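Under the heading ATP binding site, TrEMBL lists G10, A11, G12, K13, G14, T15, R128, I137, Y138, Q200. Among the features that TrEMBL reports, AMP binding site is placed at T31, R36, L57, L58, V59, G86, Y87, P88, R89, Q93, R161, R172. TrEMBL lists C131, C134, C151, C154 with the feature Zn(2+) binding site. Summarising the annotation, TrEMBL assigns domain 'Adenylate kinase active site lid' to 128-163. According to TrEMBL, the region 'NMP' annotation covers 30-59. According to TrEMBL, the feature region 'LID' maps to 127-164.
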Amino acid sequence: MNILIMGGPGAGKGTMSAKIVEKYNVCHISTGDIFRSEIGNQTELGMMAKSYMDKGLLVPDEVTNQMVKSYLENLEDKKNGFLLDGYPRTIDQAKAFDALSAGSDLAIDTVIAMELDFSVLSGRITGRRLCRNCGEIYHMVTKPPKQEGVCDKCGGELYQRKDDTEESLKVRLDEYSRQTEPVLDFYEEKGLVKHIDADQPIEKVWQDVQAALGQAE
């Protein structure tokens, strides 16, 4: 089972990814993992990507596509499949990966789309606070600290990340929608997308994800 999981910031993608990996014993693969591995191993593609990154340039899609394909082909344990997170991010990447993986055991067969309204996302993200000292995460509504601005665990100062403001979130979501809606449309035409209502308790979301993956098997 080769799964692609998609969802905007705050949609619970990380939580569901961890549950999918644990239950179905698939490899969790993010583009960050791939870049670190290829660059760390000083592969030809990794060094090519690094040359762009060192100049502050975006790595071209053709390099990223080949890097992902190479990484997946060399995975030692992929008999149960994999979970892709963060790729393909654009329609060009989706089309290229579809062509590269056609007829192989790398083809994506299920797309989990975590969906959440902006107002709910905004509440989830803008209420988030982190401890500067130990990294503990709080939420001003669902998991507030006992004393405002102070970490329960270590007494460190709590702060809001710059990315977690409403203005920043809107920019991130606009960019996410602009890039990923065509990707979802692409896989929708292939009948691979399973839409998940992420505005539910975690266990209900997880039940829906399992049901979607059960239908896909």
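Backbone N, Cα and C atoms are what each Cβ position is placed from, and that goes for glycine too.
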Neighbourhood of R128 (ATP binding site) by C-beta distance under 8 A, where only residues 6 or more apart in the same chain count: I137, Y138, H139, Q160, R161, D164
Minimum Cα separation from V59 (AMP binding site), reported as the residue among binding-site residues G12, G14, C131, C151 that achieves it: G14
Rounded distance in angstrom between the Cα atoms of C154 (Zn(2+) binding site) and G14 (ATP binding site): 25
Between G12 (ATP binding site) and C151 (Zn(2+) binding site): CA-CA distance (Å): 23
Structural state of T31 (AMP binding site), classified by DSSP into three states: helix
Listed binding-site residues G10, G12, G14, C131, C134, filtered to Cα within 10 Å of R89 (AMP binding site): none
Site diameter for AMP, Å, by largest Cα distance between T31, R36, L57, L58, V59, G86, Y87, P88, R89, Q93, R161, R172: 30
Rounded Cα-Cα span from G14 (ATP binding site) to Y87 (AMP binding site), Å: 14
DSSP state at Y138 (ATP binding site), helix/strand/coil: strand
Sorted by sequence, non-C131, C134, C151, C154 residues with Cβ within 8 Å of centre, Zn(2+): R132, N133, G135, E136, D152, K153, G155, G156, L158
Winner by Cβ contact number (other Cβ atoms within 10 Å) across the binding-site residues R89, R161: R89
